[in-house]
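TrEMBL annotations:
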DOMAIN    5-360  domain 'Isopropylmalate dehydrogenase-like'
BINDING   76-89, 289-301  NAD(+) binding site
BINDING   ARG96, ARG106, ARG134, ASP225  substrate binding site
SITE      TYR141  site 'Important for catalysis'
SITE      LYS192  site 'Important for catalysis'
BINDING   ASP225, ASP249, ASP253  Mg(2+) binding site
Amino acid sequence: MATHKLLLLPGDGIGPEVMREVEKIVGWFARNGVGFETEADLVGGAAYDAHGVSISEAAMARAQEADAVLFGAVGGPKWDGVPYAVRPEAGLLRLRKDLGLFANLRPAICYPALADASSLKREVVEGLDIMIVRELTGGVYFGEPKEIVTLEDGSQRAVDTQLYTTGEIERIARVAFDLAGKRRNKVSSAEKSNVMKTGVLWRQIVTRIHREEFPATQLEHVLADNCAMQLVRNPKQFDVIVTDNLFGDILSDIAAMLTGSLGMLPSASLGAVDPKTGSRKALYEPVHGSAPDIAGKGLANPIAMIGSFGMALRYSFGLIEAADMLDRAIANVLASGTRTRDIAAPGANAVGTQEIGDAIVKELSALS
Ligand code: NAD
Ligand code: IPM
Ligand code: MN
């Protein structure tokens, strides 16, 4: 039986709760012929409490060696006062940067059973299937200088730097065009070239990569603020949206609500393909955070986390049938009405986090 090395980093808040449900799914696949070798480590506030840093060097080394990392969520009010450099979120940013995970794929799919769960009208979201490709290791998240400076008069000035290079834009554009070619062949590139130099360069380079390498794909440029509005007005006009780190963060939370809940949106954070081995570094993380308001109550929707494991099956391990089966199992469980509170039908009883994991495992057995 082939084994795949998975590192589990559950993190904080609902992270460990949703990770436990993924472990059930991993266990089911292991019993059914797809072996995984799993180890776990601390990240975020949990790592800070244990080691005084948001990820230890040992955990970083394990992440470098894993075939794929599954990441829960980090952060929470408990760590609001800790120094910026060791905040829980810094552990996630370091993983992304040090593993070179520049391409974050955030698919927003409205499952048929959830067309009434969105805060938008059924006809706006029914059949929705879009992919946000978020640049993940550049832009204002990492640009230098990034600091708060105290001025002579005692007041302060804070600086973040939005910075992009040609190479960074080229590689994320290629990921977006490649993906579009396997979908409906349309790319919408979102930036603010009307006010930002990085937006001007972004538009120029995406235009050139399109002309030189992907002329058969439809390309449109859309200003990021308009893109946010269009996502709510008529999201089905989009196929692939490619955008920078910060806009991608915001646009993907908007897209999440089109699917019914932030608890539904998985993601894959991918590095460059190694030409020698054909493999790439990868981390799979739900789009949501540690949800302090519901943590510890068994209310969290684990589908974003379970769907992230599905993306690992697809993108890291090439187990397309297994990934399709997991997607079908999720769709069937949702159709049966077994849902957490965030997506429950009006008047219907909601179940807890663990019941969803159990129901998906049962459905996998029924499908196999
Ligand atoms: P959040 O995503 O944690 O929660 C926003 C809202 O969505 C909350 O009402 C929450 O209950 C709900 N929600 C989120 N996930 C859910 C799920 N699986 N099921 C049901 N409801 C869900 O965002 P926030 O409250 O702004 O941030 C809380 C903390 O999480 C902060 O410290 C933030 O930095 C961190 N965060 C971490 C990640 C990550 O680890 N990838 C992502 C986003 C935010
Ligand atoms: C996300 C999160 C992270 C981000 C935070 C926790 C660093 O919001 O993955 O969407 O801003 O990228
Ligand atoms: Mn976010």
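Cβ from N, Cα, C; glycine included.
It should be emphasised that the depicted structure is a prediction, and the values quoted were computed from it without experimental measurement.
The binding-site residues near ligand 1, defined by a Cβ under 6 Å from one of its atoms, are ALA291, chosen from ASP80, TYR84, ASP225, ASP249, ALA291.
The domain 'Isopropylmalate dehydrogenase-like' (5-360) scores a mean pLDDT of 97 in the predicted structure. All protein chains considered, the CB of ASP80 (NAD(+) binding site) has 9 other CB atoms within 10 Å. When the binding-site residues TYR84, ASP249, ALA291, ALA295, LEU299 are checked against ligand 2, ASP249 have a Cβ within less than 6 Å of one of its atoms. Contact annotation for binding-site residues (GLY76, ASP249, ALA291) versus ligand 3: ASP249, each with CB under 6 Å from a ligand atom. Here the Cβ of ASP225 (substrate binding site) has 13 other Cβ atoms within 10 Å, regardless of which shown protein chain they belong to.
Ranked by Cβ neighbours within 10 A across all protein chains shown, the binding-site residues ALA291, ALA295 are led by ALA291. The two recorded residues ALA291 (NAD(+) binding site) and ARG106 (substrate binding site) have their Cα atoms spaced 19 Å from each other.
Least crowded of the binding-site residues (GLY76, PRO88), judged by neighbouring Cβ atoms within 10 Å of its own Cβ: GLY76.
For ALA295 (NAD(+) binding site), the spatially nearest entry among the recorded positions ARG96, ARG134, TYR141, ASP225, ASP253 is ASP253, judged by CA separation. Highlighted in sequence order, ALA224, ALA228, LEU246, PHE247, GLY248, ILE250, LEU251, SER252, ILE254 have their Cβ within 8 Å of the centre of the Cβ atoms of ASP225, ASP249, ASP253, the residues recorded for Mg(2+), and are not part of that set. Summarising the environment of TYR141 (site 'Important for catalysis'), the number of other Cβ atoms within 10 Å of its Cβ, over all protein chains shown, is 19.
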